[in-house]
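Chemist: Would you mind keeping the following structure in view while I ask a few things?
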Amino acid sequence: MKDNNNYNVLIVGNKGREYALAQRLQQDERVNALYFCLGNGGTQDLGENLECEHYEHIVELALKKQIHLAIISEEEPLILGLTEMLEKAGILVFGASKEAAKLEASKSYMKAFVKECGIKSASYFETNDLKEALNYIQNASFPLVIKALNKNTSIVHHQEEALKILEDALKQSNEPVIIEPFLEGFELSVTALIANDDFILLPFCQNYKRLLEGDNGVNTGGMGAIAPANFFSNELEEKIKNHIFKPTLEKLQADNTPFKGVLLAEIVIIEEKGVLEPYLLDFSVRFKDIECQTILPLVENPLLDLFLATAKGELHSLELVFSKEFVMSVALVSRNYPTSSSPKQTLYIDPVDEKKGHLILGEVEQDNGVFESSGGRVIFAIGRGKSLLEARNHAYEIAQKVHFEGMFYRKDIGFKVLDLKEYS
């Protein structure tokens with residue numbers, strides 16, 4: 001594919017991260033048209049939402065719309081090989097290969113991969129037998145982390161709680177469950193652009209995953225986040241590069257596994273004998289809500305340049321420039337999130353001062369200009385500022401511009417690093 005200044009771009013996904021990516025790409029005069037499979041109620045104002053019946057249909061539509069670049073930010077299409085299908089059709093793709101996507105698709109595969117790489121991670125017990133699992137937890141120290149299927153991660157504090165989760169998990173799938181000790185420390189989300197054997201780290205982010213203030217309640221995909229989470233030395237960043245990302249890419253290359261996209265490492269920083277050490281918790285092979293919305297405002301380069309350099313395997317030609325500002329994001333969620341669905345609710349949105357931040361539309365639908373909630377994390381309030389405290393104030397000011405029945409959000413995002421005594 002020749003370079004041009006007239007790109008048709010396809011984004012595969014329908015959450016807040018896709019809206020965030022499109023919002024930035026739309027500002028690039030080189031982007032001729034934006035298409036979405038399937039998109040959401042917000043993306044239809046930024047481009048064209050396409051009805052995609054199956055993955056072969058996505059390829060057909062991509063050819064019909066003369067797509068120059070496809071960005072896949074949903075997990076399932078990566079796992080099922082959409083990257084390879086589009087590449088076979090001659091389309092440039094920003095997205096992990098099917099084989100690389102196993103790092104996120106299977107907890108069992110990921111733990112074995114990490115162990116072989118010598119990457120520091122929690123010790124673990126793996127089984128698909130309920131009796132074996134129960135025997136293990138009877139002799140284990142709590143809290144424990146139970147990982148089932150690809151996304152279901154639970155922190156449990158007693159045997160009764162663990163039993164219910166194990167029973168439910170092993171009834172749903174033949175995939176083994178992973179049981180780990182809970183690692184106490186400072187958690188970070190580290191996102192990297194990956195072009196086979198090359199990578200570039202984006203600003204560090206801290207995701208507040210628990211549903212309730214004070215980090216209580218169930219785990220979610222993320223109730224808020226802050227960036228940059230640069231509270232550590234350059235030495236720690238080098239450890240993350242050299243002890244987590246480099247061994248991962250070296251093994252992928254040794255296994256002839258192509259990867260041109262995003263790798264997000266969830267890391268916990270633990271103090272060992274007075275030295276800070278990064279331990280890997282999980283991998284994701286795509287941009288994630290809420291990290292994507294939080295770190296993108298810090299990237300001053302045109303996003304199209306990032307995607308093209310990655311997809312072409314030319315990261316060496318990219319010199320990233322990051323803003324000196326801070327960003328905080330707050331998820332505005334439906335009443336029953338994350339345990340069950342909620343009835344659709346009409347959204348009422350007041351004007352936002354764009355000097356202070358912006359809104360990212362997530363699980364929403366739109367009909368004749370009226371927005372309705374269609375899922376759990378409905379809208380994200382993004383605040384920017386010269387300090388983290390200023391970014392926080394702006395994020396919560398913007399959150400108050402949104403109204404819908406049953407809306408809920410955490411009011412303590414950033415408490416781990418700010419002096420919010422009410423929640424510490």
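One-based numbering along the chain as shown.
Note that Cβ sites are derived from N, Cα and C of the backbone, with glycine treated the same way.
OK, Swiss-Prot features for this one:
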- 137-189: ATP binding site (BINDING)
- 111-312: domain 'ATP-grasp' (DOMAIN)
Chemist: For LEU144 (ATP binding site), what is the tally of other C-beta atoms lying within 10 angstroms of its C-beta?
Modeler: 23
Chemist: Can you tell me how many other Cβ atoms are located within 10 Å of the Cβ belonging to ILE137 (ATP binding site)?
Modeler: 20
Chemist: Given a separation of at least six residues and a C-beta threshold under 8 Å, show me what packs close to HIS158 (ATP binding site) in the same chain.
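Modeler: The answer is PHE142.
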Chemist: For GLN172 (ATP binding site), which residues in the same chain are close in space, meaning a Cβ under 8 Å from its Cβ, but six or more apart along the sequence?
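Modeler: Spatial neighbours, sequence-distant, of GLN172 (ATP binding site): ALA148, LEU149.
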Chemist: Could you say which of the binding-site residues ILE165, ILE179, PHE186 has its Cβ with the most other Cβ atoms inside 10 Å?
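Modeler: The largest 10 Å Cβ neighbour count belongs to ILE179.
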